[in-house]
Amino acid sequence: MANRWRNTLTSDDVTPEAMFVNRRQMMAGAAALGLGLTASPLRAAGLEPNSFEDITSYNNYYEFGTGKDDPARYADQLTTDPWTIKIDGLVEKPGDYALSDLVPQMTIEERIYRFRCVEAWSMVVPWNGFELADLLELVGVKSGAKYVAFETVLRPEEMPGTRFPVLDWPYREGLRLDEARHPLTLLATGIYGKPMPNQNGAPIRLVVPWKYGFKYAKSISRITLTDQEPPTSWNMANAREYGFYSNVNPEVAHPRWSQATERRIGGGLFAKREPTLMFNGYDEVASLYQGMDLRKNF
Ligand SMILES: Nc1nc2c(c(=O)[nH]1)N[C@H]1C(S)=C(S)[C@@H](COP(=O)(O)O)O[C@H]1N2
Ligand SMILES: [Mo]
């Protein structure tokens with residue numbers, strides 16, 4: 001297990017495998033003690049994360065409003081403790097899992113990932129979290145399962161934005177089972193070694209770094225294993241603009257804008273746009289899509 005994850009950041013990231021393994025153990029120990037982790041020796045090694053301030057003040061979380069600063073303003077209304085996730089569908093051990101029981105059984109790691117929103121801005125985020133694959137292993141996936149569906153909690157009394165039919169609530173997302181099991185795919189419980197801020201999807205949210213940000217369902221309250229492609233909120237809202245796969249792809253334009261370049265948040269008003277990379281730079285996922293037409297299955 002410890003060696004399962006290869007260093008997959010960028011060519012300019014030089015994290016040595018040995019250090020990574022130690023870090024995994026260290027994070028596991030720290031998680032067991034309920035500690036967050038802060039300074040990372042890996043952080044200097046290439047990808048420079050955005051500031052905590054950038055990551056927690058420029059957000060998309062429409063349950064709290066559609067403005068980028070609405071989540072930071074209103075999401076503190078969300079009660080995130082206690083928290084349970086219903087895990088159901090094609091699993092051996094369905095049930096309501098208390099997060100306080102679940103997280104200590106998982107290996108919490110730090111993963112510094114590029115993050116690309118479909119709106120053509122980007123950040124680099126130092127997530128803390130565990131591999132979704134490990135949770136799927138724990139609950140036991142039944143044969144016949146082909147997809148994983150995720151739901152965000154829906155609490156109109158705590159989520160002022162849900163009084164408006166901007167999306168068909170609850171916010172729903174989904175992955176194919178092999179995507180869900182890919183070692184890059186995380187359930188994130190923190191940022192910068194701190195518990196996940198509410199505006200970023202406390203207490204637990206999905207992270208799939210080769211896909212557009214809207215796939216990263218926040219504040220997850222239900223995970224369902226199914227044999228059918230699950231309906232997803234943005235796809236239901238506009239299937240022409242938001243595909244089920246939504247892999248980052250500089251060659252497939254959004255109907256209303258190009259996806260060839262991106263604006264890195266925090267770079268300043270006059271910063272040059274950066275080229276967007278296929279699969280957001282995570283080329284190792286390409287084999288998942290062999291034989292598929294990524295223009296059709298966008
Ligand atoms: N429940 C829920 N999850 C959500 C969203 C949302 O509006 N509601 N927005 C998505 C979009 S469009 C993006 S880009 C990311 C933003 O994550 P961040 O605010 O942590 O940067 O969350 C995604 N997850
Ligand atoms: Mo997004």
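Numbers here mean position along the shown chain, with the first residue as 1.
For all residues, glycine too, the Cβ spot is worked out from N, Cα and C.
Note that TrEMBL annotation is computational and uncurated.
If you check TrEMBL, you get these features:
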type	residues	note
BINDING	N59, Y62, E63, C117, T152, N200, R205, Y216, A217, K218	Mo-molybdopterin binding site
DOMAIN	78-234	domain 'Oxidoreductase molybdopterin-binding'
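Max Cα-Cα distance over the annotated Mo-molybdopterin binders (N59, Y62, E63, C117, T152, N200, R205, Y216, A217, K218) is 18 Å.
A coil conformation is recorded for N59 (Mo-molybdopterin binding site) in the three-state DSSP classification, outside any helix or strand. In sequence order, T152, L154, M159, G161, T162, W169, Y171 are the residues near E63 (Mo-molybdopterin binding site), counting only same-chain partners six or more apart with C-beta under 8 A.
Secondary structure at A217 (Mo-molybdopterin binding site), as computed by DSSP, is coil.
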